[in-house]
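Database features, via TrEMBL:
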type    : residues                     : note
DOMAIN  : 6-188                        : domain 'Calcineurin-like phosphoesterase'
BINDING : Asp18, Tyr21, His187         : Fe cation 1 binding site
BINDING : Asp18, Asn56, His150, His185 : Fe cation 2 binding site
Amino acid sequence: MGIVGEKLDIDFVISTGDNFYEDGLKGVDDPAFYQSFVDMYTAPSLQKTWYTVLGNHDYRGDVGAQLSPILKQKDSRWLCMRSFILDGEIVEFFFVDTTPFVEEYFTDPGEHTYDWEGVLPRLAYHSELLKDVDLALAQSKAKWKMVVGHHTINSAGHHGNTEELKQLLVPILEANDVDAYINGHDHCLQHIIDNNSGIHFITSGGGSKAWSGDVKPWKLEELKLYYDGQGFMSMQITKSKADIIFYDAFGKVLHTWSISKDRSVAAWI
C-alpha cells in the first residue's frame, strides 16, 4: 500500500470498517490501536487522513473509543464517525453506518455482545439516517457520488447480499444517481456492475484475513472481479472519469476499470 500510495501521490485513505479484530477496541487506551493502525501503516505515503466507518466487529467493542477525539490526539490521521460526508470537490463520499440495519445482530447475536449506545431505538435511528443520506445525495452538486459502508449490498462472497440494505438503501442510491457503493465485510476483492442501475458495487475487504474459495454463483456479465485473497484498491478521479485498480497484498495489479461520466462508456484500462 505504501509503494502504491507513493506512486499515485494519494490524498487520503478510506477504511471500510472492522477496524480492530475480533471485538473492536476495549477503550481509548487499548494497545490494538497501535498494533493494528499506528504501528502498522508506517509508510510515508500513508501519513494522510484515514476516513473510517464502523463495522460489525467494531460494534462488539467500545464504539465510543473509536469515535473519541482522544484517538486523533494519539495519531492525527485517525478520523472515525458513524456517518459523514467527505467533500472532495468533484467527488463526494457519503459514509453510512450500516451495522444497525442488520436485524440479526439484534435478534440473534449469539455469543456476541454489541455496543448499541447511541443507536437505540434502532428503527428510529436508521429511519433518520436514511432521510439524511437521501437529502444529502439529492442536494449534492458533486460530479461523482460515492457511498461507503461496511456491509455488502451485492456480493458473491461468504456473507452475500445484505437484504436490509437492498430494501432500504438501494432505492436511495438509484434515485440519486450514485456512481458506486464501496464496502468491506466480505473478505475478498470484488467488482460488480448492476445491469439495471449501472451502479458499481465494490468490495475492498481483503486488508486482513481472506476466505479462499468461498464464492457463490453470480451473473458473469455483472461480476467483473472476484479475488479471494488479501489486497486493496485505489481510485483516481477526475471530472470525466474514475479509474479503479485492485491490487494483491504485494501490489500486483489484479483488475482495472474506468468509469466514465457518460455511463455508456466503461471499459478495462
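The backbone N, Cα and C atoms fix where each Cβ goes, and this holds for glycine too.
Checking each of the binding-site residues Asn56, His150, His185 against Tyr21 (Fe cation 1 binding site) by C-alpha distance, the shortest gap belongs to Asn56. Within 8 Å of the Cβ centroid of the Fe cation 2 site, not counting the listed residues Asp18, Asn56, His150, His185, the chain contributes Thr16, Gly17, Leu54, Gly55, His57, Asp58, Thr98, Thr99, His151, Gly184, Gly205. Counting every protein chain shown, 27 other Cβ atoms lie within 10 Å of the Cβ of His150 (Fe cation 2 binding site). The number of other Cβ atoms within 10 Å of the Cβ belonging to Tyr21 (Fe cation 1 binding site), over all protein chains shown, comes to 15.
Look at the Cβ of each of the binding-site residues His185, His187 and count the other Cβ atoms within 10 Å; the largest number goes with His185. Take the CB of Asp18 (Fe cation 1 binding site) and look out to 10 A: across all protein chains shown you find 25 other CB atoms. For the pair Asn56 (Fe cation 2 binding site) and Asp18 (Fe cation 1 binding site), the C-alpha distance works out to 6 angstrom.
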